[in-house]
């Protein structure tokens, strides 16, 4: 059996570049583990690897959904599990690259997503939001699931509505449906290589600030405006993600472009901190500090592990 490689870490740390280099070295295929990169037309803000750089390396769960279509961790789990088997059957190496922690854990641990979505319930709470406002929506969640409400910001309307939806579907708070499985780190399959990239905070934050500024220079404002001109609502979940929601503030006159960039950089740094906290709890990850190990050294180590694993497994 061919190896299965998982590359995780906070945003802007270099996961995609390592995944591409590894794929070219070991006949790999990339599976995106990013909840925004699944959407077409959201290229710059989701930091998709440009098509020219992807040449020769198959990419999956990447750039295939219309922004209006919902996508869940349960859907990812089903699709990615199937892809891993198909890629290995081709005698290639599946390489999962991503920073969406729940997506990654859904493939490595015994996650069961029993709470299927309900369009009717979701629409009910969307109507409630439109009529009563985001503060009332957050209070409604606090009455039903105070732990989740305390964790979610009042502006995070997508996740607040999702938590309300889960409560109505299951009769249980979202905070109670994940707690047990979140604490279980199952032994890795013998062919799994699980690595994480990290960096000292000052280095990572500088990379994040530079990436955000580069996104603006590359045309994130124009990309977001084009989505609106094409008829996509600013309320869509993908357009509430990092970068896009900040540009929307600028386009609506709620912030100047420098202010929007500053807030984008700040919120992306906060997001990276949450990502690192999530992954750091997982004792199965082998970590590489990019300030101490060069990209070539990390790549060589992972290639060596792949080769040794192939020999041992076969």
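Just so you know, glycine gets a Cβ as well, placed from its N, Cα and C.
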The annotated region 'Interaction with substrate tRNA' range in TrEMBL, which must be one of 34-37, 38-41, 42-45: 34-37
Close in space, distant in sequence - residue 14 (ATP binding site), Cβ under 8 Å, 6 or more apart: 197, 290, 295
Integer Cα-Cα distance in angstrom, residue 15 (ATP binding site) to residue 100 (site 'Interaction with substrate tRNA'): 12
Cβ-Cβ neighbours of residue 9 (ATP binding site) (radius 10 Å): 27
Integer Å distance between the CA atoms belonging to residue 100 (site 'Interaction with substrate tRNA') and residue 13 (ATP binding site): 14
Packing count at residue 16 (ATP binding site) (other Cβ atoms within 10 Å of its Cβ): 21
Sorted by sequence, non-9, 10, 11, 12, 13, 14, 15, 16 residues with Cβ within 8 Å of centre, ATP: 99, 197
